[in-house]
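Scroll down for the structure; my scribbles are underneath it.
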Amino acid sequence: MATQLPPPKRQKSNYAKSLEKPVAPEPAAPIPSIVVQFKSAEDGANLGPAINLPADTARDALQMLVNKLRGETEDPLPYAFHLVPKTPSTSTAPQSARLQINNSIQSDALNAKDSTFSPEDVFELWCEPQAVFRVRSVGRCSATLTGHSSPILCCAHSPTGKYAATGSGDANARIWDMETETPKWTLSGHKGWVLCVEWDSREKILATGGHDGQVRLWTPQTGQPYGQPLLGHTKWITSLAFEPLHLVSSSSPSPRLASASKDGTVRIWNTSTRKLEFVLTGHAASVNVVRWGGENVIYTGSSDRTVKVWSGVDGKLIRTLNEHAHWVNTMALSTDFVLKTGPFDHIGKVPKDDDEAKSLALARYKNVIATNPETLITGSDDHTLFLWPDQASASFSTTATPKKPIARLTGHQKQVNHVAFSPDGRMIASAGFDNAVKIWEGRTGKFIASLRGHVAAVYRVAWSADSRMLVSASKDTTLKLWNLKTYKIRIDLPGHTDEVYCVDFVADKVVSGGRDKTVKM
């Protein structure tokens, strides 16, 4: 039997429609007027008198107001705004230490779920100047490069972003051209896994540290060894750090290099003569990480649970920081980005000679520490991080008393694997074996947000140069790019077929490598 279609619906006639009563639109809710006090996030000072504003004033209008209050009408700066919640909300979820204002105070604070604000409050709006340039968002994998025959264990971008270097378990390091996305040089010579790679801030030397206890130097332009390997360590190399460019003496053409090893020592090498300058001994176990600060202070973190601070002039011990209850795995300085990139900034100007490069690097460093001195963050297997004040201000002559930490950062449920300051020093990102990336305030150590999305341990994090984006690499085979306005995943970057061990972010490119032996850009 044929299927019968139902009869068509009867249409209402125009006469019937005209008899229906028109529905009156709901009256719009009146927009409350609120009192806003703009405060500087740099020093906590008021930026002017409290101002009466409509609650729905957009973020762009708030930016214009702040620039007017600061007298920056010629060259207005972009600003980020946040409020600090007054009282803890009733929900059981861990609460962020700040509430980001992305649209307006009305939509983000007053109308938010679990809001603790009311229109009668005086809104203290904290203003943070942002980078004047913006990094384009990473959107897709533009190149998959093979060549390594073993897992890739480390990667690092050169200061200008022109090259990337990777180290692998096949005992080779490779240099890749980031502009053409092609292999450039294969650096062979190590007799074991290449565990760490580090660029000097002029992009003239690449240092590699191996499982064979050797430190080797290379010329990136030719791919040839830069002199003989540096021998002396009895166990494998765990970390490398070049002397900041503005500290390099005029008599030496190239910066010194610090190498940390599993043998419990740190060796300081003169890279021009290939001679050992001095050895830092004092740790009772493996030195896991070394950093060379802008005030000529060397920081070392060890499996003996201590962080030691040394003079970069003669290698004397300044003080020992012993607050951690387990191995110190990772550390970062608030000036890391500016020390690593030296004279190169977002404009792309190339210095004419070494003297100009040195003065540019010094000016950039001075600019960063003008508002806040160099601070240190350390992360450990005891699931915590410690934020330390400036360690270089005390006299070098005596072993000064240890300075108390600014804050103890708790929240990770497992070991802290990696920590990194944002380039502007305002935020800290930490990655742990608890599958989480956590964001903290760079000056006070207060918790800001947890970035959830990875389903396995997070190995590394890297910031974009404008401090607006963060990328994380994980055991779950993915990279994730995070939106730091909403603290949600901005883009998932799949493609690797196994664990991703290393990632670095420069300009608008991310380079990553892992257990699947491929480099992705």
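Each position is counted from 1, following the chain as shown.
The backbone N, Cα and C atoms fix where each Cβ goes, glycine too.
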According to TrEMBL, which listed range is region 'Disordered': 1-27, 379-405? 1-27
Per Cβ pairs under 8 Å, the stretch of 145-186, 409-450, 451-486 packing most closely against the repeat 'WD' (493-521): 145-186
Secondary structure content, the repeat 'WD' (230-279) (per DSSP, counts of residues): 3 helix, 23 strand, 24 coil
For the repeat 'WD' (187-228), what does DSSP give as the number of helix, strand and coil residues? 0 helix, 20 strand, 22 coil
